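Novice: What Swiss-Prot lists as ATP binding site is GLN87, GLY105, GLU106, GLY107, LYS108, THR109, ASP524, and the listing cites sequence analysis. Residues annotated as region 'Disordered' in Swiss-Prot: 598-617. Look at Swiss-Prot and you will find CYS939, CYS941, CYS950, HIS951 tagged as Zn(2+) binding site, backed by sequence analysis.
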Amino acid sequence: MLGAIAKKIFGSSNDRRVKGYRPRVAAINALEPEMEALSDEALRARTDALKAEVAAGKSLDDILVPAFATVREAAKRVLGQRHFDVQLIGGMVLHEGGIAEMKTGEGKTLVATLATYLNALAGQGVHVVTVNDYLARRDAEWMGRVYGFLGLSTGIIVHGLDDAERKAAYACDITYGTNNEYGFDYLRDNMKYELGQMVQRGHAFAIVDEVDSILIDEARTPLIISGPIDDRSDLYVAIDALMPRLAREDYDLDEKQRTVSLTESGNEHIEELLREAGVLREGDLYDAHNITIVHHVNQALRAHTLFTRDKDYIVRNDEVVIIDEFTGRMMPGRRYSEGLHQALEAKERVTIQPENQTLASITFQNYFRLYKKLAGMTGTASTEADEFQEIYNLGVVEIPTNRPVERVDEDDEVYRTAEEKYAAIIAEIDKAHARHQPVLVGTGSIERSEHIAALLERHGYRPLDYSNLSAMEEVYAAAREGRVTKRFAVLNARFHEQEAYIVAQAGVPGAITIATNMAGRGTDIKLGGNVEMRVAQELAEVPEGPERQARVDAIRREIDENRAQVLASGEPADPEAGRKSALPGGLYIVGTERNESRRIDNQLRGRSGRQGDPGRSKFYLSLQDDLMRIFGSDRMDGMLQKLGLEQGEAIIHPWINKAIAKAQQKVEARNFDMRKNVLKYDNVMNDQRKVVFEQRREFMAQESVRETVDEMRHGVVDDVVAQHIPEDAYPEQWDVAGLREAIGAQLNLDVPVEDWAKEEGIADEEIRDRLRKAADEGYAARVERNGPDLMAYVEKQVLLQSLDHLWREHLVTLDHLRQVIGWRGIAQRDPLNEYKSEAFELFNGLIGSLREQVTGQLMRIEIMMQEPEAPSLPPMFAQHLDPVTGENEFALPQGSGSFGGGGGAFGYAAQDLSADAAVLERDPTDASTWGRVGRNEPCPCGSGKKYKHCHGRFSGEA
């Protein structure tokens, strides 16, 4: 009560913050006459003048007012658009590293030009992040005209560019691209072997469009680059065939947590089925040697119980294509990892692609925290303000609309069954269509959007192809003549290519558009239709000239008339139905279910009522909807019965709205906790990733890594001596034979250690010093023999490739550790602390292994003179998603050189350095020449077995 009174008197904290920007807005407005008086050349020269001020020591804050005034005037001249005062405030919020929440249609794209231009003057590059390639191209070309007018360069990063094109785009003052492309470029850069091959030039400032979609919805989506491993398609097919034979009591399914597990009877049943099928040949299912079968069974079970065709994925062109749960978009090329995608392929009887191993990964949370300054824009951020502040240290500022919002958001209508709900939706669409009011029907999946489409067809409606010009002419003619067309369009992942055009024309009189979640669509729905889209479609072949201009003017007049018709399409008052006032015209949003997040619902509603236009929205629900069914449908059902709800009757009541809001808040809180938990664990890996990537970059930047190589060699000597001559041990306790053998194996040295140990009064320090000297002399002779310049090149390549190989193995180990560490909680130990501790020990082990591997290789390497050529990443990648977190991955193709499958450790005589100059000579009969052999490599003895099953069994490495 007191808080509400104080808010009324003093305003909210958001109001006070917005008020704080007003003086600078006034200062920018005061400069407008001066800017208008400048010639184009003089206005363009403002950029060089402002850059000079920054170079002279002024901060960007100091030049904000003149910079914003410059951009505003340039936009007026180039685009014919003038930044409103509230847009100037939005630009200031972005510049300060905050999130500007701006309603749909308020011009977020134009707002970004202000902060982008200002920060580009510092010369460190600005990254503008969008959700798809279409928006990246559109915004770069559209706003790039303003930047180009002012003398700044604009680049675009989209899928399919080569490294040279990417490097050129990143070198521009301003770069537009998608979150995936930026993240994968970062990972790929940290797999390069020369600084000159890297494409990104740093992470100074990023503006993230649809920031909630990228930093919240996709926060649990680690970007992963992976390489292929062994093909197990036969096993997937065999196990998939058994899934339909399981009974419902064989497994426990939790839809709320999206988990499924076999019951005790289910374990017995599946074991019996596996034996019948010849898959389980020996032992019990949970014996250690059958753990792979358990993994495949679990993934097949998940594929059949948790994932639904046309909701979670579609099948197209012999592929399983994932559907983004938040936007309804197809994600071609992305794949679930850990074998889940292969299980789905087996389920759908399409070609099964090979599994993959992680080579490099990072979450969006940690990628975007690399930027020195981060900002974002969206229409819906306030519901997630706490998460933005806690995770990213980003404050949310709600920017006032330029005109008041005139949309009417009606209360939800709740029905007992889905059938009753859909009948009410069709009836409502019928009524709106008869009034020529455009309707946008929002659904949660392809399956449901196509169900609505099928119902409409049963009621006499026909689907409409928006790319068919003659079909659209029918719609436009009907609008001109005041007729109804009974046509509708469907926008879902199946019609991805037509997306922008379908959305743009959803405001035509009488239009019916059925769409999966609208988050991140990025195209405004203008009442009456979209002039630019119609001109592009109808006048594509008409050359510039009077005729074209006349037709453009005619289209504008027609759309103005259509707009007036839409504005007048509201529903009149109906006192008999209890509605005393009329409902507005404009775009009518019909929601067919509530989403798990209030933010997604708000995004759907926000498609209507842009820039002060009238509009209305209403959600139709049933107790069979996913949200209602999973989160408290029993309680809700009882509530409806108490309220006297009969079959076929809807109810509208504040209790219902509150219960739904609470259910959504529960889901949001659960998802927030999951994202925080992912971040806590990923922070452990992220700290190690930073160390490895920074060290790697240092190695590449150094002209020579000889000093590092020498230190590593000395470290190996110290480790070997410490291992065989314990501290404070008597000489007779020394393992001299073991020391000599280890020195031969790891340093390729033959030294008289036994004779040294017999010398009177000799200490372990003396032996260590002699071994260091012998190793240094042996290596110096190798350098002299092969040439110092060539050895310097080989040293760097061996160091980088060894680091990459060990880091890949380390990622796999950490992933396995993370999967099982939760069991420590049973022993009353904190799994996170246990993970941190063990990950630290593993990282120390990685450092030790790096010393051994680099030293062992270089102490044996022989050079055959060939033209050196630095290894590079293969050109083709495929993306992958984690089954639980929705992880993004890039997979390298089979047979892709040093990054492809197989190979294990560095047997790079024929593999990793074959294109360079280093060749390692291994004698099959002399194990001392083998160096470090990967556990899964073919044994160098020539037996044909893997090393771990041959000589590795005796070396202690297996």
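Each Cβ is built from the backbone N, Cα and C atoms, and glycine gets one as well.
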Novice: In whole Å, how far does the CA atom of GLY105 (ATP binding site) lie from that of CYS939 (Zn(2+) binding site)?
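Specialist: Cα-Cα, rounded: 65 Å.
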Novice: For a quick check of understanding: among the binding-site residues GLN87, THR109, which residue's Cβ has the most other Cβ atoms within 10 Å?
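Specialist: The most densely surrounded of these binding-site residues is GLN87.
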Novice: Could you round the CA separation between GLU106 (ATP binding site) and CYS939 (Zn(2+) binding site) to a whole angstrom and send it over?
Specialist: 66
Novice: Counting other CB atoms within 10 A of each CB, which of the binding-site residues GLY105, ASP524, CYS939 comes out lowest?
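Specialist: Each of the binding-site residues GLY105, ASP524, CYS939 was scored by Cβ atoms within 10 Å; lowest is ASP524.
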Novice: I'd like the number of other C-beta atoms within 10 A of the C-beta of LYS108 (ATP binding site), please.
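Specialist: Around LYS108 (ATP binding site), other Cβ atoms within 10 Å: 25.
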Novice: Determine the C-alpha span of the ATP site listed in the record, that is the greatest distance between any two of GLN87, GLY105, GLU106, GLY107, LYS108, THR109, ASP524, in Å to the nearest whole number.
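Specialist: So the maximum pairwise Cα distance among the ATP binders is 17 Å.
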Novice: Could you name the residues, excluding GLN87, GLY105, GLU106, GLY107, LYS108, THR109, ASP524, of the same chain that surround the ATP site, i.e. Cβ within 8 Å of the Cβ centre of those residues, in sequence order?
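Specialist: So the extra residues in range turn out to be MET102, THR104, LEU110, VAL111.
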Novice: Among all the protein chains here, how many other CB atoms are within 10 A of the CB of GLU106 (ATP binding site)?
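Specialist: Summing over all protein chains shown, GLU106 (ATP binding site) has 24 other Cβ atoms within 10 Å.
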Novice: Round to a whole number and give the Cα-to-Cα distance in Å for the pair GLN87 (ATP binding site) and CYS939 (Zn(2+) binding site).
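Specialist: Cα of GLN87 (ATP binding site) to Cα of CYS939 (Zn(2+) binding site) measures 67 Å after rounding.
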Novice: Write out how many residues of the region 'Disordered' (598-617) are helix, how many strand and how many coil, based on DSSP.
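Specialist: Split into helix, strand and coil, the region 'Disordered' (598-617) gives 11 helix, 4 strand, 5 coil.
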Novice: Measuring Cα to Cα, how many angstrom lie between ASP524 (ATP binding site) and CYS939 (Zn(2+) binding site)?
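Specialist: Between the Cα atoms of ASP524 (ATP binding site) and CYS939 (Zn(2+) binding site), the distance comes to 62 Å.
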Novice: Hey, does DSSP put GLU106 (ATP binding site) in a helix, a strand, or just coil?
Specialist: coil
